[in-house]
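> Structure in structure tokens, see below.
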Amino acid sequence: MPIRVPDELPAVSCLRNENVFVMTSSRASIQDIRPLKVLLLNLMPKKIETENQFLRLLSNSPLQIDIQLLRIDSRVPKNTPVEHLDTFYCDFAQIKEQNFDGLIVTGAPLGLVEFEDVAYWEEIKEIITWAKEHVTSTLFICWAAQAGLNILYDLPKYTLKQKISGVYRHTTCDPFALLTRGFDETFFAPHSRYAGFPVEFIQQNTDLEILATSEQAGAYLFASKDKRVVFATGHPEYDPNTLADEYHRDVKAGLAPQLPENYFPDNNPNKKPLVSWRSHGHLLFANWLNYYVYQITPFDLAQMNPTLD
């Protein structure tokens, strides 16, 4: 899927070097096609790295996608140039009157922070509530999944004593589920979180359909029956070295982190990790875009009332 982004976005050259089809705004403007409008609320500290990861996964299908990057934290960033944010990101006030086909809310390193202590918690609540009327389907990733469950289903924060970190085997729950169509019966995905998502906890407190689980990591994929909200509790977007970078960062900070499970060859942190989750990540995003966004979103976004046949 050609992703439509500003001509000067750093991800353009990065992804083109990987042979990923990126369509700049200038080229897309000459095509008479209604692109899917996807809003990416980027909560990760390293904005540019996260942009690359998600744009890579959004690029692998034949439809055109118009990506809008959204920020809500007005504090001076430590890991991303202010000029980059000012050039490529919008504030919520600039888009709140618009409708979108899809919204992706990324993870955030806030696993041990209470919701009410998050600096932009009120803004998160406003956007997730806004999305119910303005977005066809919303995809929550990792910490955002926990935040979404709290805001939409009033579920309390479920924090584990020990961080889940590593690459875990998962099993699909329904061979005919659209979100996992084409998945192998077992597949791998990275996790890096303190949040717990026990299967029974989700089943007993929501009407969400659980679509994939892990014995070690709990519920991984679950979604509403009307396809309006989707939760992925891991990080299918992670690069090969993201977990390694997090581990070595925490070692340098003196936090004595546990070694990510099922990740480093021979459990040796000096060896290069092998990727076992890339194909599943691409397929997950392709299925979400096709079955949860494209097939139910209205052609005219002014008529926002997506329903299922």
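Every residue gets a Cβ built from N, Cα and C, even glycine.
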> Write down the one residue from Ser137, Ser192, Ser276, Ser279 that Swiss-Prot lists together with Lys163, Arg249 as binding substrate.
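Looking through Ser137, Ser192, Ser276, Ser279, the residue Swiss-Prot assigns to the substrate site is Ser192.
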> Counting only residues 6+ away in sequence within the same chain, which have a CB under 8 Å from the CB of Gly111 (site 'Important for acyl-CoA specificity')?
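Non-local contacts for Gly111 (site 'Important for acyl-CoA specificity'): Trp143, Thr159, Lys163, Arg193, Tyr194, Ala195.
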> Using a 10 Å cut-off between Cα atoms, which of these active-site residues sit near Ser192 (substrate binding site): Cys142, His235, Glu237?
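Hits: Cys142, His235.
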> Measuring Cα to Cα, how many angstrom lie between Arg249 (substrate binding site) and Cys142 (active site, acyl-thioester intermediate)?
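Per the Cα atoms, Arg249 (substrate binding site) and Cys142 (active site, acyl-thioester intermediate) stand 20 Å apart.
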> Check each residue in the chain of Glu237 (active site) that is at least six apart in sequence and keep those whose C-beta is under 8 Å from its C-beta; list them in sequence order.
Thr50, Gln53, Phe54, Arg56, Leu57, Ile141, Gly281
> Work out how many Å separate Cys142 (active site, acyl-thioester intermediate) and His235 (active site, proton acceptor) at their Cα atoms, rounded off.
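Pair distance, Cα basis, whole Å: 7 Å.
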> Tell me, by DSSP, whether His235 (active site, proton acceptor) is helix, strand or coil?
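Its secondary structure by DSSP: coil.
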